[in-house]
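Enquirer: Got a structure for you, written out below as structure tokens; questions coming shortly.
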Amino acid sequence: MLNEFANYLSAQLSSEFQKKLLAASIKSLEDTSNPLSFNNFCSGYRELVRHVLSDLAPDAEIKACTWYVPDPTSRTGITRAHAITYVLQGGLPSDYVTGTLEIDVLEEKKELISAINKLNMYTHVNEGTFGIDASRASAEAALAIDSLSSVLGLANDCRAQLARALEAQIHDEVVALAIGETIGAIDELATHHCVDEIDMEEVTVTKVGSEFIHLRASGTIGVELQWGSNSDLRRGEGATGNDSFPFSCELQSHVEDPAELEAIEDTLCVDTSSWWEGYYDEP
């Protein structure tokens, strides 16, 4: 079970250094001939957690969140609890996370903090923390690894739920953008075009910062193409046709009002490469 948890966590880590640090910590634990094996694991794993939280929750971003209240017992005012909260929800207000998204972050946060605090005891070697039994060490390590993995997994769940909650507003914003501006890639195909439909297939939250939520929408845009003017069509000299193309678009909203979305200027991208396939082929 320990190796299963470790492999799952490794896949969630963002850098090769973090993966190597996890592997080295596990290797220390596996050296059961060394009475310090668990102590060494605890030291390495504690550093891994520090690096993960530092990468995902920069101090400046934490301090910019409206939910942040400095802890007087911390030299910087920031605690692990603050960092874990930021990893889980960014700058989103806690009542929005629990109320609108219906996600409870408290349990995972408590479990990870508890696991880290327990490991910290074993980084100080004394008679009571020396030569820990292998089965006990493995169980404690598995709990610590699973706790961090659960926090990272819940952070992804929170973002996926946020994307689902905003899907209708995102669709409306993308439709307004597609109708309201000339799409250069499609404009090259015909004299005129109009948007028939937008089929939004995927919405991804790319970042939840202290102030803004960044999202990416992708799908298919259906268009009617017209060659020639309306007069040409009436004379039978023009033509019309329908086609569809993949699109993507970047959007953002403020963490205090996630539903108030706006598309980021010049990010609507329509891929018309399928139209040109074979166009320049030799006969």
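Including glycine, each Cβ sits where the backbone N, Cα and C put it.
The following feature annotations were taken from TrEMBL:
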{"type": "DOMAIN", "residues": "11-148", "note": "domain 'Predicted pPIWI-associating nuclease'"}
{"type": "DOMAIN", "residues": "156-276", "note": "domain 'Predicted pPIWI-associating nuclease group 2'"}
Enquirer: Helix, strand, coil residue numbers for the domain 'Predicted pPIWI-associating nuclease group 2' (156-276) per DSSP?
Expert: 37 helix, 58 strand, 26 coil
Enquirer: With DSSP as the reference, give the number of residues of the domain 'Predicted pPIWI-associating nuclease' (11-148) in helix, strand and coil.
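Expert: Helix (H, G, I), strand (E, B), coil: 91 helix, 0 strand, 47 coil.
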